[in-house]
Structures are given as structure tokens and as C-alpha cells.
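As C-alpha cells, the structure follows; a few thoughts come after it.
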Amino acid sequence: MTQRFSFTRLGQDGAARLGRINTPRGEIRTPAFMPVGTAATVKAMRPESVRETGADILLGNTYHLMLRPTAERIARLGGLHRFMNWDRPILTDSGGFQVMSLTGLRKLTEQGVTFKSHIDGSKHMLSPERSMEIQKLLRSDIVMCFDECPALPAPRERITESMELSMRWAARSREAFGDWPGHALFGIQQGGLEEDLRGKSAEALRAIEFDGYAVGGLAVGEGQEAMFGVLDYAPGMLPEDKPRYLMGVGKPGDLVGAVKRGIDMFDCVLPSRSGRTGQVFTRRGVVNIKNARHADDPRPLDEDCTCPACRSYSRAYLHHVFRAGEILSSMLLTWHNLHYYQELMQGMRDAIGAGDFAGFEARFLAQQAEGDIAPV
């Protein structure tokens with residue numbers, strides 16, 4: 001008999017939750033951060049290296065994979081896990097966010113979204129039913145329902161229409177997903193910055209019943225203060241016994257603030273994208289390795305970090321390979337950033353378990369405020 005998807009709460013400190021998601025492909029410790037493998041790869045990283053950073057799960061992108069190499073081809077080759085050599089859980093987004101971002105290249109109707117590929121201009125259709133079909137072909141462990149995500153700020157009327165459409169699409173996604181033992185379907189709460197609309201969305205999703213719930217429609221231009229304002233109430237509208245996922249977030253401070261408010265799961269391209277552009281996350285804030293101040297610095301990025309970049313290379317060397325445009329720079333800095341994010345999540349898990357999340361947050365903010373070490 002196939003093991004079913006489940007979520008166990010192991011502890012709580014204020015609204016911050018410690019938990020474990022069980023899947024047939026392994027356990028996911030929560031709060032969890034998912035590296036983004038857009039096109040079946042976390043850029044500049046081998047799958048084995050991603051696992052070594054401490055990641056229990058990664059994210060794949062339905063929109064990009066449906067266009068290239070296509071979900072049908074991946075299915076013929078044994079599914080996304082075998083295709084990319086990742087034997088741990090995978091969450092796939094629905095493709096909705098990317099499609100909605102194609103301004104001028106898409107047409108939105110009740111049925112779904114017709115759009116032109118950014119690769120070759122070919123015409124495609126994404127609907128709740130097609131999104132579920134693609135994610136099943138990929139054999140995703142956690143499937144996201146198809147939704148619309150308008151950019152903020154937006155008029156209340158636009159947010160209302162979008163939320164109501166997303167709830168109708170959520171019901172169609174649930175029906176198309178059916179019963180797929182060992183796999184999970186997450187609903188996505190919408191409603192922008194409007195508390196009453198968030199409440200109506202949560203009520204509709206609870207009636208449909210999902211295996212987990214995402215807080216969607218944030219990190220789309222509203223800023224951290226407004227995002228935290230929504231997170232002060234939105235997670236509490238969702239079932240306590242199911243995981244809560246904040247999509248597309250974020251910076252280290254965003255993660256700490258969101259965990260404080262009851263979020264269990266995150267994804268973001270920031271640590272990998274920043275690594276490729278010389279932006280490095282440390283306990284003392286962001287380091288710009290391209291800056292000339294690092295050219296003669298024999299010290300590691302972070303003396304307490306155990307990633308390969310910090311164990312074996314100096315700031316001077318990392319500065320050199322970045323300025324020289326060497327591929328090794330992207331590999332090492334991405335590894336460091338992902339390692340830092342996973343260490344941050346482990347620190348939060350430990351703090352929740354010890355009943356010291358407030359202390360953890362205070363220490364985190366104090367260290368970040370100190371800034372980088374003085375130049376040599």
C-alpha cells in the first residue's frame with residue numbers, strides 16, 4: 001500500500017510551528033525552504049550538491065517544463081525525479097504565475113489562459129485540467145492548483161474578480177487531480193491585501209479540501225511591511241493541521257518574519273540568482289563579492305560557515321573568479337547561499353523546538369544590523 005502524504009506538528013512557539021511532512025519519497029522538515037529548479041535544474045548546482053546543502057525538497061516549474069523539454073517527454077523518460085536525478089520530494093507550481101506575467105502574450109478567459117511561448121512564439125493553453133495533467137506527467141509529489149495572481153497594487157474590484165476566478169479554478173483543479181495516493185494537492189489563498197477577501201478565499205478552499213494550503217498573491221510588489229500585515233491574519237484562516245506555504249518568498253528577514261507568523265514552507269530564486277550575480281548572504285547581512293574591498297582579503301565569507309566556498313576559499317579568490325567571469329564563481333556562491341538558507345531554517349526549527357523563537361529572531365536581527373566585517 002502506498003504511503004499517503006501527511007503533516008505532523010511537532011511543536012509550536014507563539015505562531016511559529018515545528019513540523020514534519022511525510023511523503024513516499026522522504027521526510028520534509030518544516031519550516032522548510034525549497035531551492036528552485038526552474039528547468040529541472042538548480043542553476044550552477046548538481047542535484048547531489050543541492051541535497052548536501054540540507055534541502056529536503058525542491059521546486060520545479062510547470063510553465064518552463066511544459067515548453068521545454070515538454071511534460072510528455074519527461075514522462076516517457078520516467079518522470080521528473082529520474083530525469084533530473086533527484087530522489088527526494090518535488091513540488092511543482094501550476095504555471096499560473098509565469099503565464100500571468102506574459103503581458104501582451106496571453107488571453108485570460110474562464111476556461112484558462114491562452115499564451116504564446118517566450119521561446120518560439122508557439123501557442124499554448126493552460127487551464128486547471130491541463131495544469132493537473134502536466135504535473136501528473138511530471139509525477140510531482142506536491143501539486144499546486146491553477147490560479148491567477150494579479151500584481152499589486154491593484155483595484156479592489158480586480159482583486160475580487162481574480163480571487164473568485166481562482167476559487168473556481170481551485171475546484172476544477174481538485175476534481176481533475178482526483179485521488180492520487182502518495183501525492184498531494186495544495187490550494188492557494190488569494191485576495192491581495194484585503195482581509196475580507198482573504199477570508200472568503202480561505203473559506204472556499206476549506207470547503208473544497210486540500211492536502212496543504214498556500215498563501216498566494218504576495219511578494220508581487222507590495223513590500224515587506226504590507227506582506228507581514230497580511231501574514232498577521234492570513235495563515236490563521238487556514239487549517240491548523242495542514243502545511244502552510246508562502247510562495248515566492250524571499251529574503252532571510254522575510255523568512256524569519258513569516259515563520260514567526262505561522263508559515264511552514266517557502267521557495268525563492270533569490271539565493272541561487274544572487275549567487276550568480278555576486279550577492280552573498282551571511283549571518284551579518286549581504287556581501288557584494290565583486291567589490292574591490294575583497295581583492296586582498298584572505299578570510300572566508302563567513303568563518304562559522306561549513307560550505308565548500310567558506311571551508312576552502314578566501315574572499316580574495318572568490319572576488320577574483322567572479323570578476324574573471326569563471327563558472328566556478330556561480331557554483332561556489334550559489335552553494336554558499338543555499339547552505340546559508342538551509343542553516344537559517346535549521347536554526348529556526350531548533351529555536352521553535354526549544355521555545356526560544358523570540359530570542360532567535362532578536363539575535364538574527366542584531367547580527368544582520370551589524371553589517372559585514374571590516375576590510376583588512
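Glycine residues also receive a Cβ, built from the backbone N, Cα and C atoms like all the rest.
In the three-state DSSP reading, Asp93 (active site, proton acceptor) counts as coil. All chains included, 29 other C-beta atoms sit within 10 angstroms of the C-beta of Asp93 (active site, proton acceptor). Positions annotated as active site, proton acceptor by Swiss-Prot, on the basis of sequence analysis: Asp93.
Taken from Swiss-Prot, the feature active site, nucleophile applies to Asp267. Look at Asp267 (active site, nucleophile): DSSP puts it in a strand.
According to Swiss-Prot, the feature substrate binding site maps to Asp93, Ser94, Gly95, Gly96, Phe97, Asp147, Gln190, Gly217, an assignment based on sequence analysis. Sequence-distant neighbours of Asp147 (substrate binding site) (same chain, 6+ residues apart, CB-CB distance under 8 A): Ser94, Gly96, Ser166, Trp169, Ala170, Ile188, Gln190, Gly216. When secondary structure is read from DSSP and collapsed to three states, Asp147 (substrate binding site) falls in the coil class.
Mapped onto three states, the DSSP output places Cys305 (Zn(2+) binding site) in coil. Of all Cβ atoms in the shown protein chains, 17 besides its own fall within 10 Å of the Cβ of Cys305 (Zn(2+) binding site). As annotated by Swiss-Prot, Zn(2+) binding site applies to Cys305, Cys307, Cys310, His336.
Sequence-distant contacts of the region 'RNA binding' (248-254) (same chain, six or more residues past either end, CB-CB distance under 8 Å): 97, 218-220, 224, 227, 266-268, 270, 281, 340-341, 344, 364-365, 368. The feature region 'RNA binding' is assigned by Swiss-Prot to 248-254.
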Cα-to-Cα gap, Phe97 (substrate binding site) vs His336 (Zn(2+) binding site), nearest whole Å: 28
His336 (Zn(2+) binding site) versus Asp267 (active site, nucleophile) - Cα distance in angstrom: 17
Composition by DSSP (helix, strand, coil) of residues within the region 'RNA binding' (248-254): 3 helix, 1 strand, 3 coil
Mean per-residue pLDDT computed across the region 'RNA binding' (248-254): 96
Chain-internal residues, separated by at least six, CB under 8 A from Cys310 (Zn(2+) binding site): Pro300, Leu301, Asp302, Glu303, His336
